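A.B. asks: Next up is a structure, given as structure tokens.
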Amino acid sequence: MITEHQTILRQKVEVPVPRKRRGGVDGHSKGMERFFSTTLSTLLRQIDLPNASNSAQGKTLPLLLASPGFVATAFLQYIKEEATRTTNKPLMGLIPSIIVAHSSSAHIHSLNEVLSSPAITAKLSDTKFARETALMDKFNTLMRLDDGRAWYGPREVERAVAKGAVGRGGGVLLINNVLFRAQNVKERRRWVKLVDQVRDVEGGEVRVLSSLHESGKRLEGLGNVAAILTYPLEDLDEEGDSSDEIGVGDEEQGEMV
């Protein structure tokens, strides 16, 4: 389950399925049917179908089915058949919001790969996680271009913000939520001040990523803070400390989580 703050593995379903063999296709088919039946019953225990439309606009939240091969497609077909057979109207109402995708594995880390797909991103464009994934992908693209519009690291990002380069017109601050849990109060204030500067003063976009999401884990490898600039800046990593930098009034070194 992908929530606003984390990716949760609610339950793992494991059912032995015999391999396809000559004269043994029946065993494989029955095994897959048991797997689909167990997976569907588990899914129905985890979601509240009557309240599936719980957004402000009354939209049904999307259900993403991803798997190697054609397992996800076959599972969708099974759901349709079961909804018809049992005349389960809430389940029938969920079917239009189901999205099928291919993944290299059934492990949770493959979510990032799935959500990076342009086709899937387009379908999930109104979800927070998809937006964060898209921004991280854009940041990495700009980093490869090396044109001065993508910077990461505390000092470099603070300098970019101080120069007004993370504001209206496409400026984005990407910051990991772990920074707001620092034990040092001054350190926490440092990041709150940076967020307020970008969002309220400069008019830029601020995205607080969860360290439990794949996008947050990617940001962690960049020092937990990064920025997409509205215009290029060079040599931010070579400038000396300046008293007018955001956060310089605080202690330079704080305890970080």
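Numbering starts at 1 and runs along the chain as it is shown here.
Here the Cβ of each residue, glycine as well, is placed from N, Cα and C on the backbone.
This is the feature table in TrEMBL:
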type	residues	note
DOMAIN	2-123	domain 'eRF1'
DOMAIN	129-233	domain 'eRF1'
REGION	237-257	region 'Disordered'
A.B. asks: DSSP helix, strand and coil counts for the domain 'eRF1' (129-233)?
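C.D. replies: Its residues fall into 56 helix, 18 strand, 31 coil.
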A.B. asks: Using DSSP, tally how many residues of the domain 'eRF1' (2-123) sit in helix, strand and coil.
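C.D. replies: Reading the DSSP string over the domain 'eRF1' (2-123) gives 61 helix, 13 strand, 48 coil.
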